[in-house]
Amino acid sequence: MKFLPAKLERKFRRLKKHARSPLMRKLDVMHERARQKVFQQSCDEYKDQKESEFECRKRPTKMPGGSRETYLSDGTFHQAVGRVLLVAEFFAMMPVKGVTGKHPGDLSFSWRNVRTCFCLVFITSSVANFGLSLFKVLNNPISFNSIKPIIFRGSVLLVLIVALRLAQKWPALMMYWHEVEQGLPQYPSQLAKWQMGRTIRMVMLVGMMLSFAEHLLSIVSAINYAWYCNGTSDPIKNFFLLTNDEIFYVTSYSTTLALWGKFQNVYSTFIWNYMDMFVMIVSIGLAAKFRQLNNDLRNFKGMHMAPSYWSERRIQYRTICILCDKMDDAISLITMVSFSNNLYFICVQLLRSLNTMPSVAHAVYFYFSLIFLIGRTLAVSLYSASVHDESRVTLRYLRCVPKDSWCPEVKRFSEEVISDEVALSGMKFFHLTRKLVLSVAGTIVTYELVLIQFHEDNDLWDCKQSYYS
């Protein structure tokens, strides 16, 4: 009644209120009391939950096996990834000081550090090795299979340079990650803090063991190949001549150069496998932060919560999204190299599977390498997609908010979750979601069908063309 004066409008509303029947007024009062009671119960449950979390943090939790390392875990990504980066430093990657420290403030990068100098020396060595491989390939007929050494060593060299740049940004990234973790809901138990670190260590351990097994099989296969192609009377010399043929294509045999080539090959193989595991480890960390927030939302699923609760959770969700963007900007080139590399080598291996295997050792190594490569590619895709999956789980709990508790903060929160594309990417060319797995599989099938039309059966015992360089 906006056309009435203020006094008349108030009087009209008073008369309208009194005009309602006593039964309706009584029902309204009962409904309001019930709503306030439910809201008070939800607030009390939220308070009790916070008090129980505080008590859990104060009370020592008995861990399975009584592991001291498990008990001391603080649930931070910096602590979980410390030993993984320490192994990477041994192989001339991520020269950051303080990776095993208790706080990310201990991290630092310096060009005068021994780690950095070792990394620069190995990059120089990789440039020389890449140049030798490029010279050999350009001076011979170029084919889809012959450019494999260039792709392998070129990708390793690129990852080394990107990792060196990432090492400069790593202390600042870990400090921001730590700030995000401090603002998230607390873990309910010590066991929950330990989960992320255990998953990261298991991925690293399994990946390195399989990579080591693949390398041993390649050595056995190469020894068998060198025994057949015995260009000299010395079997060790035959082995190095065949496995480092890009070096001895331009110079005569030397034991020092042979050892340098083997050292370069071992380190390059580790780095080639490590770039996949590094993408998986970062994905595990980001997905764990989304899961930590979602577990808190699950505890209060369907309850009547105050708008301040939803505002706090929305801000926490936004900080994790910003963290995801920062990490994506830092590692997107590594992700791009990882997926393109895996795509190329799967096509090469599938094409070579059409050839007849010359020996049992060669067949065992070849099929183990192919299965490991496909499995590693699938693992990278699924672990990376888990970041996007966990970010979408939040919407499931927002849809369970009761009608009486729906407020602008919940609406704003749900709109952000729906509209945002939270996922790692490969230089923004593609986003790592579950749909990508089918896209990559379809691409491999398409490329294979094209390559099969131009395929010619090659003799894998051809001593003039080494398949181990």
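Backbone N, Cα and C define each Cβ position, glycine as well.
Residues or ranges marked as transmembrane segment in TrEMBL: 117-138, 150-167, 203-228, 270-288, 330-351, 363-383, 436-454.
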Worksheet item: Going along the chain, which residues at least six beyond the ends of the transmembrane segment (436-454) come within the CB cut-off of under 8 Å?
Response: 144, 339, 343, 346-347, 350-351, 354, 377-378, 381-382, 385, 430
Worksheet item: Counting only pairs at least 6 apart in sequence, do the transmembrane segment (203-228) and the transmembrane segment (363-383) share 3+ Cβ pairs under 8 Å?
Response: yes
Discussion item. How about long-range neighbours of the transmembrane segment (330-351): same chain, 6 or more residues beyond its ends, C-beta under 8 Å?
Written reply: 144-145, 148, 151, 155, 158-159, 162-163, 166, 169, 173, 272, 275-276, 278-279, 282, 366, 369-370, 373-374, 376-377, 380, 384, 424-430, 432, 440, 443-444, 447-448, 451-452, 455
Response to the item:
Sequence-distant contacts of the transmembrane segment (150-167), meaning Cβ under 8 Å and at least 6 residues beyond its ends, amount to 88, 92-96, 109, 116, 119-120, 122-123, 126-127, 129-130, 133-134, 137, 268, 271-272, 275, 330-331, 333-334, 337, 341, 344-345
